[in-house]
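Chemist: Got a structure for you, questions after.
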Amino acid sequence: LYVSEYFSQSAQKLSFYSWYGNAKLFHFHVPEDTVLLRWLLQASRGKGPECTSMEITVHFRHGAPPVINPLGTRFPANATVRPSYNISITLSSAVQNTTFVNVTSPAAGDWFIAAHLPEAAGRIEVKGFSTPCPYMFQADMFVLRLTDMPVLEPGVPMPHTVVSPAKPLHVKVFVPKHASGMRFQLSSCVTSEQRACAVRVLLGSITLPQSFQKSLTCTGSINCSLALDSPPWEKWLQIMVESLGTGNASVSLEMLASFTVCRPGSASSFLNFISLNQSQAGARPGAAGSSAPAAGEAPRNVSSQRSSCLQSQPVVREDLDVVSVRYRLLNGPSVPVNSLSPTLLLLNLNTGVDSGGSLVVNLLLNKTSVSLANATVAACVSAASPVLSLNASRNCSTAFSQGYPLRVSTSSGEAMLIVLYPQTDDWFLSLQLLCPRGQGECGSAEAKVTVFVYLTPCFNDCGPYGQCSLLRRHGYLYAGCSCKAGWGGWSCTDDTKAQTVGTQNLATLLLTLSNLMFLPAIAVAVYRYYLVEASVYTYTMFFSTFYHACDQPGVAVMCIMDYDTLQYCDFLGSVVSIWVTILCMARLKKILKYVLFILGTLLIAMSLQLDRRGVWNMMGPCLFALIIMVTAWVHHGAKRRHCYPSSWKRWVFYLLPGITLAFIAISVYAFMETNENYYYTHSIWHVLVACSVAFLLPPRDKHKKPWAWSQKLTCRYQICQNDREELYAVT
């Protein structure tokens, strides 16, 4: 009778948490008639000395990715968030940890697991300087499925037998559409040993983070029953009966499930089709004649709506992009709402690809349409089944879920709701007019409510201080906000640690104007006739300035070209500047020096294209150039038979300060930069590197005289100098 199935996904490397993109997502599908679900969670870490004890947090949710908040930040003002179900896995002395999580009678459909490490430290690590410890996580799923689960037919009493307390009975019943209530009854309970009957009935399936499974305990032969309001429409409802008796005595009983079906009232489907064609294609010849029967049928439609238990408004789902949907009402954005029966809107979110965004519901009350001053329009957004009674005593709940309430009135005419990662299901928006003194006070009053409903990847596109990123796990797409400038939260609306505009302007000025420290290096290079080197420093200063002007997270941003182009040119100029400076210090022959300039620049451009962040893209050319410089210096020293450079003033006043500044700059760049201090530590890096270049550049050749502009052009004629070679005769 039972079939076991196993589902596995590849392991993922965990990351420290700073935004939702750092959480690793696992997506599974639980089949129908599953009676037992077991998660096998395997966590492991590396064996190196950099690996320490670590706590891994694992979140579970049915229907959509879990909404988590490890940093304790604020959510948007109108977002309703329920805490996620999570467990912690600790990796201490053991290299590997295996954990099992069991779920009995799980809900069928999509299940999601998200795992992450603790909060990120915020330190900017240079790739290659340190080896991060790998923390791996893998989730496997075992399911036990019943192949021939008995079906309980509505309205038909069915006898069943619970074989033993260790083997509970599983049955299922199909809930029809428009079911407003369900009644489950258990009777004729008799044990095989003729003792008092004791059984427990569990209706519904378990969903995480919240489970609304109903429990009913029956003792003796007395009939017991349970009534449910708004059961999930067009779904199989699982019922499990287990014996509470001792021993192996079997229990015989009889079950009966009955439904109360609500008759909806709505406009004619033909009229909806005509209005859809008119809204999409515009007016056509004969369209005016076709609208005449609609006016004649209006009184009959109103009377039929008053006799029904709900008014269904036709809604069209319009797919705009990935995780982007707009819902359009055929009868216009305004819907009539009365007190006799709720107005119902169906929001289709059961495609399986809609749960990775945010559902936004906006209600706007037309205050002129409400004649009663104290009237209120109550609304409820719920999944799987609608709320059909929105009186003051109900809290927007259905049989197996908790909805999201909304209210608009003459004093507060607008309401908004944001549902983060809505679960895959049919969603419903119910609206009803309420009066303080009851339904009699409202009478035939009617209110007009404008409804705007849409699904968006990120609410408000993450605002001005965030970037909406589309994330992917295999074929499943979901969105998350990456915040900047100190802002945080799900939609980058938490300004607790936000940078002020003044701080943002200061950061931009420091990172850009610090590049002007290359001007002394450029002046020294030009003065000493190193024109190629001066050109490279000018290139680096220009692109570093505008790259950091474009790279700012706040409002002080200016991009003169594509961001990726600016970044590549900045990295290229930085490495090539180091390359040409060290080669210039080697005092090579001109032809060899320029050949190495060009060849090294081409190789550096290639390596940066392969890996722009790698440390060896900078260290490799530096070390190779240093080898060339040391070799050249040894050659010069051996040829002259004394140390090179020979002047102690050159070592004390130029080389040692330049080398010291270069080592301090590398230390700041590699070990001190964090997200918080980046704007001034990186500015210090700019200043130190530029100053070290000015100190390290060698003096000009002795046969070249300094620039003398007064001798170049005087009195409109040019003074020419006759250079002759002196020939020496050896006798």
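The backbone N, Cα and C atoms fix where each Cβ goes, glycine too.
Automatic prediction, not curation, is the source of TrEMBL annotations.
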Chemist: Could you pull the disulfide partner of C492 out of C468, C483, going by TrEMBL?
Modeler: C483
Chemist: Mind checking which of C442, C458 has the disulfide with C468 in TrEMBL?
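Modeler: In TrEMBL, C468 forms its recorded disulfide with C458.
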Chemist: Drop a 10 Å sphere on every Cβ of the disulfide-bonded residues C458, C468, C483, C492 and tell me which sphere holds the fewest other Cβ atoms.
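Modeler: Per-residue Cβ counts within 10 Å for the disulfide-bonded residues C458, C468, C483, C492 bottom out at C468.
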Chemist: Given the transmembrane segment (651-672), which of the listed stretches 506-530, 591-610, 616-635, 678-697 has the most Cβ pairs that are under 8 Å apart from it?
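Modeler: Result: 678-697.
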Chemist: What is the pLDDT of the domain 'EGF-like' (454-493) when averaged and given as a whole number?
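Modeler: Averaging the confidence scores along the domain 'EGF-like' (454-493) gives 92.
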Chemist: Quick check for the class: what is the C-alpha distance, in angstrom and rounded, between C468 (disulfide bond) and C492 (disulfide bond)?
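Modeler: Here the two Cα atoms are 10 Å apart.
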